[in-house]
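Structure first, commentary second.
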Amino acid sequence: MSRGVDMEEIDLSDQRGLIAMAEMYAHGGPPEPAAYANNAFEDTGSAHFRPGRNGSDDITKILHRPTAAASAPNTPRKMAPVSANGSSASSPPSTAVKFRRGVGHGERGRRISCSIPALLLFLGLMGALLFVGIVATFFLTKEHYVKGAGGADGPLIPGAIHANETTKDVATDTAHDDPDVEIDTTGPTPEELRLPKALEPVWYNLTLRINIPGYVPLPPEKNLTFSAALIMKLDVKESTDKIELNMLNLDLPTDTSQYVILVDGLRPNANVSLPPDVDESENTTATTHEIQKRQSGIVRSDSGIKVNKVTFNETLEKVIFELSDSLEQGKIYFFQFRYGGAISNKLAGLYVTSYHDAKGETHYAAVTQMEPTDARRMVPCFDEPEFKAIWRIRVHHPVGSKAISNAKEILEEEPDTKFPDYVYTTFDETPKMSSYLLALIVSDFEFVEGHTDRGTRFRIWSRKEALEETDFALKAGVTVLQFFEGFYGIDFPLQKQDMIALPDFAAGAMENWGAVTYRERALLYNDKLYTPLQKQYVATVVAHELAHQWFGNLVTMKWWNDLWLNEGFATLMEYSGVDAIDPQYKMNDYFLLDALDNALARDSMATSHPLSFPILKAEDVSEAFDQISYDKGASVMRMLRTVLGEANFKKGLNIYLTRHAYSNAEHTDLWKALTEAVPENLTSWTGEKLDVDDFAKKWTEQMGYPVVSVTTTNKGVALSQHRFKVDEHSLEGPKYRNAKYWYKWDVPIWYSVDGKEQPMTWLHTDNEFNLSNPDSLIFINSESNGFYRVKYDAKQTDKINAQLIKDHTAIGMRSRARYIDDVFTLAQAGHVPYEKVLEMSRYLVHEEDYVPLDLALSGFRIISEYFGDEPESVYYKKYINSLFEKRYNAIASEVFSDTEPKDADFFTTQTHKLITRTVCDLDIEDCARRNSEAYIQNFVYPCQNIKNAIASNCSTVPVSVRGMVYCEGVKFGNSKDWDRMLEMFERESVQVERDRIMFALACSRDTFTLKKLMNMAVDINNTVIRLQDKATVFSFVGNSHIGSELIFDFFIENWDKLYNGLKDQQTLLKRFVQASLSGKSWRRVKEIENFLEENKATTSNLDVFKQQLESVQTNARWMEKNYDNLIKWFKAASAKSAP
């Protein structure tokens, strides 16, 4: 179908500004093979710079003082302007790097009056001090930068300067070494961080050379680097004399003549390579314009506008090109230049990943992760979602590697006669898209291929050894892509869809348009190594990412404050997508214990946030990647979907996606489209036609949700609402303390009477139902469609409990699930007596449905965590065992011997696993014996005589209990067992098996061993544990009572090391905090508060600390109120036999 974009009169097949690499060199082509050490994107006679180190006076670096760094007194430092020829107007050449404060961040001065002589004396002293400061700065910076040039830490490109080194020397070390220096916590303003709207990108043409080891010989200075040639087409919306782009840690030319601004473009079908009579090595002084004039068919004029000065601002992550004249409003310009950079190891931007094959040899790949703001690490660009543009990518990569990008390849592995070790892959243009969706993978991965019914090519890529594990993902991907085409009513707009399994990846997956990247465990599947739940997880992640191809990629948020709509909607649609893949998963039921339960739990805390909230700085967007955006977003959208009805919901989505295709939108645009699909007979509580915007904003623009109270009256029941908080004593931050709608919602009420569903009605403030039979059994939110909890009065509660004990099947499964989850949570919050909940729980001995059983056991697990390893916990364990012992005895042999029926449905196998794990957690002797036997007979014996044994090859422990068996083997084994596991971990290549072994390593009861494991995790340079898995180690250690106490102190002691290693990867840093800061005592609360007070500079901007502190405070209050009473109840109950 048509892309719906205003396409200009250009043949886009291969000539939209694409210039071969040699044509981009302002001073000639790449060096001859004999001089291979010189990067093909460099000119040996021209300098480049990495912002932050001395390069030339053509480059100015601005450093805003970072929030967590100390600063000098608030005295602005002047920057000398730099002329077009590179000479400084006022400063000596050696002071090339200059600093200034951020605009608008000075202290507000008080009015001061003084005499004229005093003023003159003051100015004289200041002048003398300034002169001394300039002289000192000259010699100090000169010495520093001479010492810093080259060497192990020197520039990657001759003449380059490094941003990170200057930041460290000037800011970070000062804050660390001098506690008396005032810390500036203001930072740049949101306006400074955003790009101006004067220019809009139309398209980018990007050619990259990727230098990664393992394919062809590389000189050391080229290893893990890339070079690039960039042309961008700019549409001038407002006249401007600056080109302002996002950029971070890249090398740019210091010679301003190498930046070229042209007008016009390439003629259709123009030749894009150098004429054969032009010898690249002899044209080192030719200008870009002269080279272009030699090319047949090129019509491009010099605009006459030059780049006068280049300024890089590290804190703002911007590069600003100051021009000799203004770009005229309404005109089109072409801006082109070369640059380079490092391929990092930080799982962001363009980074390196590696793996070992069966022979132990290491293989490398260069891959990308751009969301939210890391495209700027690979290419200077307009790195904000609203600046959509078309991308044309050409990759120069080593022979033996393959290149993948968003669009389909049009020339693949084209030989390079000048560099026979390298080949070109040229990709077709992308649709108009945001920069965070840009993707590039250069690897030796292989693929399996399929096609949709419409002919879309579908490939799954992985390392060679894992290729057999890609079949399920291929079938799932093709199925769900076709399903979404039908659901959205819009064909998939690309010619191909690639999905790539990566050994190292920070998130689960990323929805790059046409080239979705995954962790291996989220894409690969092997029925011998994966459990049914892990298979479902693969299907879920595939469905989530492919849902984004329309909702998020085709139509994209204007700014990050609508991230929740991207992720929440994709989360909702993943459940429908998985049902299309395999209906046995019953994803509408699974939603209740997955997304809905997670969202209700997280949003009951005072440290929650609204779905739609201002994200003023892109750097803060990581805080929005949480359960609120994903799970609450999905739950609220699911509620709205049910209110509207399926047909109306799909109609509104089609209106929205069609109207805003290849563009950006806000959540209000979706509400408008859905309102257009609302029929006249669908009314709100006012009786008028439902206005989706009016309904939705109360659920999206304020945090929290209501608990609907049900009170018995003479004629029936009355309903009322108030906000639910799991801890009424916790206080919201000032930002959300006074909710926009005063914590009131328009609540859609679905309910059943004696098992029969009734028409939906509304609860605005309060409502009353009159029942013909006051003794009827009424359930509110009976199908769990609403995002709220329900509290019944004592009469209704007793009635429901009695029915559950008598015959629970008389109550629908979803009604039971909703009731159980609500009453356990209400009891935790102190709104319902625990005694009533626990008396009700006796019915669980008969509960066979997985969803209510899982939710009930989740409630019990919370109680178990409060009890910990206290001696009194034995009474709790006896009671739980009384509920499930018989069922455990009936299924244990099948579970531990892997003889369960192969045709058992998903929920049945999950129920058996749930019961087995629950009973084994009670330290039951039979389970301990079975674990020990399985560990020795199915793991130790089969693997012990195999040299360099690999667990995924030799272990025969059933996968459903393998993690538990490994854990128990290490827990009750000796140091040799742990060492064996560590060796297995290092050799293992299958991620799900590595996860099991990693979990087992954290099960040790020896504190020295656990510290050894955690030290490996906090060492960012330790490659035994992949960076993506380091925080998971902490989570696993914290699962045990021994580990949970140990990990807190270890985290406090190593916070500085963690922060310094991960401060620019806040998602990973947040996971460490979540895993480490827990507790249930006021002593722990005080310890956390003291830590936060002592580390304000590094913790104040991370909301996760507030969340963890609130959790510990809530736990401490729970212990005071409930611990003794519950011990008494369980002690009495354990003395009785189970019903």
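From the backbone N, Cα and C atoms, a Cβ is placed for every residue, glycine too.
Database features (TrEMBL):
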type: REGION; residues: 65-97; note: region 'Disordered'
type: COMPBIAS; residues: 80-94; note: compositional bias 'Low complexity'
type: TRANSMEM; residues: 118-140; note: transmembrane segment
type: DOMAIN; residues: 472-684; note: domain 'Peptidase M1 membrane alanine aminopeptidase'
type: BINDING; residues: H544, H548, E567; note: Zn(2+) binding site
type: ACT_SITE; residues: E545; note: active site, proton acceptor
type: SITE; residues: Y630; note: site 'Transition state stabilizer'
type: DOMAIN; residues: 777-1113; note: domain 'ERAP1-like C-terminal'
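All features noted in TrEMBL, drawn onto the structure.
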{"residue": "H544", "record": "Zn(2+) binding site", "Cβ neighbours (10 Å)": "26"}
{"residue": "E545", "record": "active site, proton acceptor", "Cβ neighbours (10 Å)": "28"}
{"residue": "H548", "record": "Zn(2+) binding site", "Cβ neighbours (10 Å)": "26"}
{"residue": "E567", "record": "Zn(2+) binding site", "Cβ neighbours (10 Å)": "25"}
{"residue": "Y630", "record": "site 'Transition state stabilizer'", "Cβ neighbours (10 Å)": "25"}
Between E545 (active site, proton acceptor) and E567 (Zn(2+) binding site), the C-alpha gap once rounded to whole angstrom: 10
Using Cα positions only, nearest of the binding-site residues to Y630 (site 'Transition state stabilizer') (H544, H548, E567): E567
Near-site residues: Zn(2+), ref H544, H548, E567, CB cutoff 8 A to centroid: E511, E545, A547, F551, G552, N566, F569, A570, T571, M573, E574, Y630
